[in-house]
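Presented below is the structure to which this report refers.
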Amino acid sequence: MKATISITTIFLVVALAAPSLARPDNHVEDSVGRLLRPGQTYHIVPANPETGGGIFSNSEEICPLDIFQSNNPLDLGLPIKFKSELWFVKEMNSITIEFEAPNWFLCPKESKGWRVVYSEEFKKSLIISTGGSSNPSGFQIHRVDGGAYKIVYCTNISTTTCMNVGIFTDISGARRLALTSDEALLVKFQKAATPKADLKTKLRMFPFY
């Protein structure tokens with residue numbers, strides 16, 4: 001069960017500030033060097049393909065859906081889109097991340113937006129789930145070495161104190177996205193195929209782990 005206690009309280013105990021490697025113009029780029037644009041669809045893929053595949057949603061409780069990384073390096077995961085108050089996605093700016101999945105049939109009334117929830121079940125972790133607000137949600141993108149990026153979550157109390165979005169492997173071997181003060185999941189953003197072509201290859205909502 002997902003408890004509803006103060007995420008901010010837990011967050012401030014373990015959050016670590018990280019140094020910035022932002023570009024001078026702060027623009028985030030996709031995997032081929034084009035500017036990341038709000039409203040367009042992308043796949044979040046690992047910077048190192050040997051660490052698994054893309055990002056998808058699933059849950060034993062059906063709704064809301066938690067967010068996972070596929071173990072299959074060939075699986076691009078579900079497409080996502082970003083929402084921002086700017087024309088381009090910029091580093092260290094608060095954004096909304098949500099799945100762009102027309103076959104969201106299991107949770108038709110549930111938001112596709114990402115959010116952070118506290119989980120007693122998974123070792124009192126702060127895991128990433130769906131059901132988030134359409135407003136800027138505290139997620140940011142930060143550049144790291146080698147042209148890769150990491151996704152971080154910053155509270156509305158301190159936008160300079162953030163936690164990394166990393167991987168928590170549960171007892172079933174599933175790789176859940178969760179907040180961590182340790183190693184982040186390093187990613188790149190791959191432009192999704194046309195909606196029709198992408199839907200044809202992603203009709204399933206639950207890719208294999």
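Start at 1 and count along the chain as shown; that gives each residue its number.
Cβ from N, Cα, C; glycine included.
Less than 8 angstroms from the CB of Cys63 (disulfide bond) sit Leu106, Cys107, Glu110, Gly131, each of them six or more residues away in the same chain. Swiss-Prot lists Cys63-Cys107 (among others) with the feature disulfide bond.
In the three-state DSSP scheme, Cys154 (disulfide bond) falls into the strand class. Per Swiss-Prot, the feature disulfide bond maps to Cys154-Cys162 (among others).
Taken from Swiss-Prot, the feature N-linked glycosylation site applies to Asn156, supported by sequence analysis.
Residues or ranges marked as signal peptide by Swiss-Prot on the basis of sequence analysis: 1-22.
Summary for the disulfide-bonded residues Cys107, Cys154, Cys162: the Cβ-based neighbour count within 10 Å is maximal at Cys162. Mapped onto three states, the DSSP output places Cys162 (disulfide bond) in strand.
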